[in-house]
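K.L.:
From Swiss-Prot, here are the annotated features:
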type	residues	note
CARBOHYD	ASN42	N-linked glycosylation site
CARBOHYD	ASN66	N-linked glycosylation site
CARBOHYD	ASN74	N-linked glycosylation site
MOD_RES	SER192	phosphoserine
MOD_RES	THR204	phosphothreonine
SITE	TYR56	site 'Binds SCN2A'
SITE	ARG135	site 'Binds SCN2A'
TOPO_DOM	30-157	topological domain 'Extracellular'
TOPO_DOM	180-215	topological domain 'Cytoplasmic'
Amino acid sequence: MHRDAWLPRPAFSLTGLSLFFSLVPPGRSMEVTVPATLNVLNGSDARLPCTFNSCYTVNHKQFSLNWTYQECNNCSEEMFLQFRMKIINLKLERFQDRVEFSGNPSKYDVSVMLRNVQPEDEGIYNCYIMNPPDRHRGHGKIHLQVLXEEPPERDSTVAVIVGASVGGFLAVVILVLMVVKCVRRKKEQKLSTDDLKTEEEGKTDGEGNPDDGAK
């Protein structure tokens, strides 16, 4: 029999929720840190990390924790582990003895370990935390994906070759442009020099030779 999660149904929209938390004074709300997606190899052990920041130290008499599982976003939640003065493993038939608590609430760590992950374990794992007198409940959501085999390693050789080729091509283009620019500049300077010489020679011919004029 599935156990319902400790999760009161929200009575307001996501927009209202965002507005509500935006009005909470900085440092007064609980922050929960989890990976959005966790890829795990079939048959391996997976640590579902969940840590939190609170304004208050953890009092085990007041602190409470719930871990739940969902097959999909719209599916009902099944609670499989909780903390009430101590860790209580509910040992769902789905997980049996494969779930272990691996965190330490006093260190703001409430992570769990899932042994021998199976394809049926794929889904959403929710971490709910209450740490009175903090009035705000923390919530983290992890999407667990089970892989049938290890993903192939990315070969960076092709990327390096392409990058080097592009870089070399650009270097050659820049070099050619610089050479062309230098050649043009030299030609312009030579033309200016030739024009100046021609102008000076023209002036000399126009003035003539003073001795010839006397004769």
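Residue positions begin at 1 at the first shown residue.
Cβ from N, Cα, C; glycine included.
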K.L.:
Of the recorded positions ASN42, ASN66, ASN74, ARG135, which one has its Cα closest to the Cα of TYR56 (site 'Binds SCN2A')?
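P.N.:
Among ASN42, ASN66, ASN74, ARG135, ARG135.
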K.L.:
Among the recorded positions listed here (ASN42, ASN74, ARG135), which has the Cα closest to the Cα of ASN66 (N-linked glycosylation site)?
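P.N.:
Nearest candidate: ARG135.
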K.L.:
What is the average pLDDT across the topological domain 'Cytoplasmic' (180-215)?
P.N.:
61
K.L.:
Using a 10 Å cut-off on CB atoms, tell me which of the glycosylation sites ASN42, ASN66, ASN74 is the least crowded.
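P.N.:
ASN74, out of the glycosylation sites ASN42, ASN66, ASN74, has the fewest neighbouring Cβ atoms within 10 Å.
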K.L.:
From the Cα of ARG135 (site 'Binds SCN2A') across to the Cα of ASN42 (N-linked glycosylation site), what is the distance in angstrom?
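P.N.:
Just about 39 Å between their Cα atoms.
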K.L.:
Do you know offhand how many angstrom separate ARG135 (site 'Binds SCN2A') and ASN74 (N-linked glycosylation site) by C-alpha?
P.N.:
27
K.L.:
Give the three-state DSSP assignment (helix, strand or coil) for ASN66 (N-linked glycosylation site).
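P.N.:
DSSP call for ASN66 (N-linked glycosylation site): strand.
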K.L.:
When the topological domain 'Extracellular' (30-157) is classified with DSSP, how many of its residues are helical, how many are strand and how many are coil?
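P.N.:
Output for the topological domain 'Extracellular' (30-157) reads 7 helix, 57 strand, 64 coil.
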